[in-house]
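These notes concern the structure reproduced below.
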Amino acid sequence: MSINKILSSTYKITQRSNNNNILFNGLKINSFSLCNTKTNLFTNKTNINLYNNYSKSSKSGKKSKKDEDDEDGEIETSKTSKKSASSSSMENVLKELEKSFGKGTLMKLGSQFSTQKVEVIPSGSMGLDIALGVGGLPKGRVTEIFGPESSGKTTLALHVIAQAQKAGGNCTFIDAEHALNPQWAARLGVNLDELFVSQPDNGEQALEIVDSLLRSKTMSVIVVDSVAALVPRVEIEGEMGDSHLGVQARLMSQALRKLSPTLKDSNCVLIFINQIRMKIGVMFGNPEVTSGGNALKFFSSIRIDIRKVGTVKKGDDIIASQVKAKVVKNKLAPPFKEAIFDIDFQSGINKTGEIIDLAVAEGIIDKMGSWYSYNDIKLDQGREKTKYLLEKTQPNLLVEIENKLRDKLIKSKPLINQQQEEEGNDQTSDEFDIENDDEIIEEDIDDETIKK
């Protein structure tokens with residue numbers, strides 16, 4: 001389109017008598033207006049060109065974005081294909097491993113272990129079970145009990161044996177010290193007729209016996225008393241005064257490396273009782289150290305430091321020792337928890353007294369003055385009379401109170417009570433099924449009569 005047509009169609013040209021008007025194709029046009037018109041025309045043309053360029057660039061931008069989406073889809077497809085290829089190759093690797101080493105060689109942690117509950121055997125002390133965090137000593141793990149002399153190490157181990165026997169398990173006591181007192185074990189509730197005892201000649205023999213028992217998968221608890229008494233064969237066959245540096249530590253390290261895999265499969269509680277020694281020349285820090293090297297410290301899932309902290313008197317006579325058990329290592333719950341309990345010279349750990357004290361502290365048992373009551377049931381006056389009542393007259397009530405404490409404090413119950421409750425739940429569920437069946441039969445009969 002020419003400028004003449006644009007001007008004639010767009011603007012009304014007025015003739016003016018001044019000198020600014022010029023003649024353009026027979027028309028007088030103001031020169032200033034013409035310049036502005038030309039400028040506007042060029043500006044509009046530039047804007048049109050810019051708009052065309054922008055539209056082209058936007059189209060190309062849309063096209064590039066579409067290309068990017070296609071590229072992202074291709075990347076995701078390639079990732080999916082790579083993932084499927086890696087998963088198929090992983091399945092092939094798993095099949096090869098299972099074919100070479102057996103099923104379960106390589107497993108996913110979440111699918112196999114996250115839902116499994118830790119099986120435990122109660123320690124005989126309610127406070128210690130709470131301090132352990134899982135309700136007792138774990139199965140398939142190594143537990144070390146150490147402390148000074150006459151602090152209750154063997155007594156605690158015998159209580160664990162008594163609890164395991166109540167659940168129907170087999171137990172073995174490796175008496176390397178040759179100092180087991182059967183009468184004291186019987187007072188603690190150990191069934192001597194069902195307890196296996198071994199008194200080995202040397203440390204190698206004792207650990208070989210432990211290995212054989214673990215491989216048999218027939219034991220619930222094995223106690224080795226003690227690590228300090230596991231004398232290596234070379235030391236027994238040598239002369240008095242011969243130096244055998246590190247022989248016992250090497251023996252324990254080798255034995256624990258061998259016992260650990262079989263211990264997990266046996267589902268047994270392996271307890272090592274250990275003594276303490278004093279380091280020479282220690283100026284700062286704790287000079288105490290356990291015998292047998294450091295291997296037992298690393299392989300143990302639970303380490304309990306038990307020490308005598310006081311005595312319990314009745315008149316002028318000392319009737320019990322007060323001990324403090326500290327969980328210095330715990331792989332299953334927070335460590336460094338403590339428990340203080342009494343070891344009676346006649347009956348061992350005073351578990352019923354612990355339950356009464358804890359139940360009063362948690363509000364399960366009400367105490368008004370010197371009288372104790374549970375669920376509006378008046379028990380007795382005084383702690384000792386209440387203890388006697390629960391032990392001799394109301395043992396079922398004692399178990400009920402203990403279970404409430406476990407549910408509230410450690411969310412775990414002893415293996416004995418779990419089995420009893422499972423049997424009771426099976427019976428009650430059967431009864432409910434029978435009642436439901438009767439209701440279904442009655443409904444069927446009603447429907448048939450209605451049809452008739």
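Keep in mind that glycine also has a Cβ here, set from the backbone N, Cα and C atoms.
The ATP binding site annotation in Swiss-Prot covers GLY147, PRO148, GLU149, SER150, SER151, GLY152, LYS153, THR154. The compositional bias 'Acidic residues' feature in Swiss-Prot is assigned to 420-452. If you look up Swiss-Prot, you'll see 53-90, 412-452 marked as region 'Disordered'.
Annotated features taken from Swiss-Prot, shown on the structure.
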residue : record           : contacts (Cβ under 8 Å, 6+ apart)
GLY147  : ATP binding site : LYS153, ILE276, ASP305, ILE306, ARG307
PRO148  : ATP binding site : ILE276, ARG307, LYS308
GLU149  : ATP binding site : GLN275
SER150  : ATP binding site : LYS308, SER321
SER151  : ATP binding site : ILE306, ARG307, LYS308, VAL323
GLY152  : ATP binding site : ILE306, LYS308, SER321, VAL323, ILE343, ILE349
THR154  : ATP binding site : LEU180, ASP225, ILE273
Q. Using an 8 Å cut-off from the Cβ centroid of GLY147, PRO148, GLU149, SER150, SER151, GLY152, LYS153, THR154, can you name the remaining same-chain residues around the ATP site, in sequence order?
A. ILE306, ARG307, LYS308
Q: Mind giving me a neighbour count for LYS153 (ATP binding site)? Other Cβ atoms within 10 Å of its Cβ, every protein chain shown.
A: 26
(Q) Tell me the coarse DSSP state (helix, strand, coil) of GLU149 (ATP binding site). (A) coil
